[in-house]
Amino acid sequence: MGYLRSSFVFFLLTFVTYTYATSFEVRNNCPYTVWAASTPIGGGRRLDRGQTWVINAPRGTSMARIWGRTNCNFDGAGRGSCQTGDCGGVLQCTGWGKPPNTLAEYALNQFSNLDFWDISLVDGFNIPMTFAPTNPSGGKCHSIQCTANINGECPAALRVPGGCNNPCTTFGGQQYCCTQGPCGPTELSKFFKQRCPDAYSYPQDDPTSTFTCPSDSTNYRVVFCPNGVTSPNFPLEMPSSTDEVAK
């Protein structure tokens with residue numbers, strides 16, 4: 001009886017967890033390996049071309065982000081480094097990635113029972129991305145994307161191996177980092193906004209960059225290189241696939 005009771009309790013906990021979780025399907029359509037990262041839920045996963053990773057995030061999860069890392073090399077213990085998006089030299093991320101990295105950000109079940117989500121270039125750009133509800137409901141609950149040739153057109157001052165860095169990391173200061181009060185767009189942030197109008201281009205770019213969906217009925221999909229072609233979705237340098245960590 002004790003075994004049956006324990007099994008029943010485990011079933012209930014599992015049922016509750018998945019009933020009150022939001023699913024994020026992360027897919028790599030790039031013609032190269034991407035090491036996907038997700039915090040605070042998920043950690044990290046190697047995704048070869050065409051592979052998918054499903055993350056179940058509990059409702060109420062906030063300050064969350066999903067991104068792709070490129071040109072990584074990890075040993076069997078999951079330690080190593082990535083050219084872009086590195087999170088402290090580990091496969092299983094617990095902190096945020098090192099710029100430049102294109103971000104899918106979200107906070108679940110917030111004000112008015114809504115999910116808040118966005119694509120952000122505040123940390124720069126490394127991989128083209130779409131972020132979409134799997135069941136869009138109109139209004140601000142619809143697919144968004146950043147698929148422009150930002151790496152190829154990146155201003156010289158922001159160009160780094162594998163991506164296009166952000167002005168705050170490159171130059172610092174209130175004008176670009178917005179850490180000491182209100183700030184507005186700059187010529188460099190406009191470079192990102194003109195090419196990806198759905199995305200955050202600087203820290204206070206809220207009005208045109210935040211999207212919402214009903215929290216109780218929405219799951220999401222993040223796709224790297226949604227066009228699935230080498231141009232304009234190719235990074236500045238061809239990532240290697242030397243990582244032998246299990247997929």
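Please read every residue number as a count from 1 along the shown chain.
Glycine is treated like the rest: Cβ placed from N, Cα and C.
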Quick one: TrEMBL says Cys82 makes a disulfide with which of Cys72, Cys87? Cys72
Pick out which of Cys213, Cys225 TrEMBL lists as the disulfide partner of Cys30. Cys225
Among Cys168, Cys183, which cysteine does TrEMBL link to Cys177 through a disulfide? Cys168
Separation of alpha carbons, Cys30 (disulfide bond) and Cys183 (disulfide bond) (Å): 35
Could you check the disulfide-bonded residues Cys30, Cys72, Cys178, Cys225 and say which one's CB has the fewest neighbouring CB atoms inside 10 Å? Cys178
